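Below: one structure in structure tokens.
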Amino acid sequence: TGVLDDCLCDIESIDDFNTFKIFPKIQKLQERDYFRYYKVNLKRPCPFWADDGHCSIKDCHVEPCPESKIPVGIKAGSSNKYSKAANNSKELEDCEQANKLGAVNSTLSNQSKEAFIDWARYDDSQDHFCELDDERSPDAQYVDLLLNPERYTGYKGPSAWRVWNSIYEENCFKPRSVYRPLNPLAPSRGGSCLSVYLFSWTGLCLEKRVFYKLISGLHASINLHLCANYLLEETWGKPRWGPNVKEFTRRFDPAETKGEGPRRLKNLYFLYLIELRALSKVAPYFERAVVDLYTGNGHEDAESKALLLDIFRDTKSFHMHFDEKSMFAGDKKGAKSLKEEFRLHFKNISRIMDCVGCDKCRLWGKLQTQGLGTALKILFSEKEIQSLPENSPSKGFQLTRQEIVALVNAFGR
């Protein structure tokens, strides 16, 4: 409850607005063909340290079908294959278990594959806040997000800890006194993966506070999804997924987190406001007739665009937006260098997502990071968006299909 820092907004207003106006519509939008397929390279090597293995569950990897069987430019499987490591029955059992939990379902219809070839010509790119996957890489494949929901996969321990630790310690503007535990699996620390923060905002400007809160909010968001869709039991080979209140309490309860849990949740609301603001700001880009959510099905494309524009109208009706004009508003030279520092920090975080050891966690980590990066790109491009030509493709500001899909799905999460 209560008011958010750095905003003229309260939690209750956001809850009401989201529950009754935004969430039902964004959920429908995510189910439409344009927004359900995301192209991702899950084989990019970790650029910061030697790969320390995939998943605490044995083998979270799915080998896609041979490229020869797939339309040009598409890398997606029509059936799941196991890796070469599965060469005896015990390993095959472990692999099947991992496949159910952490692997990516790469099954796609032929109709979808044909549509992707047409979509490719709609994509373009410019200055980004994220390290973008090379979509022409043979390792890039389309993934159906509805077949690969974000949920607990068993991925935890030193590998998962290292990813978040690297994000916070090396790439985040931090409050001066932030305490984070050593490796949670070290004997002296016990098994807790929780991070404990002792805050002092002294000397940290608004921009750096915003950056830190966005990363904390993203972390809270991902943890919430895992708690909400947790493997509760597996009976007769049938997994049962659902909310794990005990796990939620461990990560967010004030008593369990030395008072830090509610701050994490507030940062999630802050992240919501930032992405909401970006959606309201980018509306003029999509309102132009020249922009089409193209899948090849004219009727569905028109419906998707109408629904998206309806969501934009709702976002504009919200009266307590975060005001990004207060950011980077100092002297031009200082503001420019701070904005560039902001962009490079965020780009680095998007590269760290290639170090996530579980394919499904990596997929959703990359997607939500790109979604937030797209939101930042929009917020820092207001002048370019306002001066877009009505009837011709824009050179000053452009969004790729990937960025659009990531923005909508990240906000949906």
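Heads up, the Cβ atoms here are built off N, Cα and C, so glycines get one too.
Sharing the features that TrEMBL gives for it:
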- C358: active site, nucleophile (ACT_SITE)
- C361: active site (ACT_SITE)
- R151, T153, W164, S216, H219, R251: FAD binding site (BINDING)
- C55-C60: disulfide bond (DISULFID)
- C358-C361: disulfide bond (DISULFID)
C361 (active site) has how many other Cβ neighbours within 10 Å of its own Cβ?
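Result for C361 (active site): 26 other Cβ atoms within 10 Å.
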How many angstrom lie between the most widely spaced Cα atoms of the FAD binders R151, T153, W164, S216, H219, R251?
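Farthest Cα pair among residues binding FAD: 21 Å.
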Cα-Cα, whole number of Å: T153 (FAD binding site) versus the residue listed as 'active site'?
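Roughly 8 Å, rounded to the nearest whole number.
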Compute the C-alpha separation of R251 (FAD binding site) from C361 (active site), stating it in Å without decimals.
18
